[in-house]
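K.L.:
The structure is given below, and queries will be raised subsequently.
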Amino acid sequence: MSASGATMQNYLTDLIQNLESMRLDREEIQSEIAEFEKNKKEIEDNIMVLSTRLQELNTSLEKKRAVKQEFVSNITEISTAFNKILESSQTLLHVAKKESNTLEKKKEKVMNEEDSDAQKTPVKVDEDPQE
């Protein structure tokens, strides 16, 4: 029985070594799991911070785009009004020049008529009544 006791002792020793090896492997894996969970938590925290920042940026962008659109609308409206004023000014200038030319011609005509009438009518010189 001593041979079978020795064999049994060898089996127990191998079993204990095998269990110990499995426990060491389990601890190694548990250590890696803990490290991965720590990294995962850090990444999740970073994602949370980045998500919050992204939301803030999106909100800010929306506001800035809305203000920009107001500028675009105002610039378009003012440019349109300015162009209308410019067109009206050009029309007014054209009318003013036309009226000025018409009045200038009337003035010349009247002035020429006065000169012509003055030449046609002899000037009477009053004779001295005391003579």
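First residue shown is number 1, and so on along the chain.
Cβ coordinates come from backbone N, Cα and C, glycine included.
What TrEMBL records for this protein is below:
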{"type": "COILED", "residues": "12-60", "note": "coiled coil"}
{"type": "COMPBIAS", "residues": "99-112", "note": "compositional bias 'Basic and acidic residues'"}
{"type": "REGION", "residues": "99-131", "note": "region 'Disordered'"}
K.L.:
Report, as numbers and ranges, which residues of the same chain sit near the compositional bias 'Basic and acidic residues' (99-112): CB under 8 Å and 6 or more residues beyond its ends.
P.N.:
none
K.L.:
Averaged over the coiled coil (12-60), what pLDDT does the predicted model reach?
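P.N.:
Average per-residue pLDDT within the coiled coil (12-60): 98.
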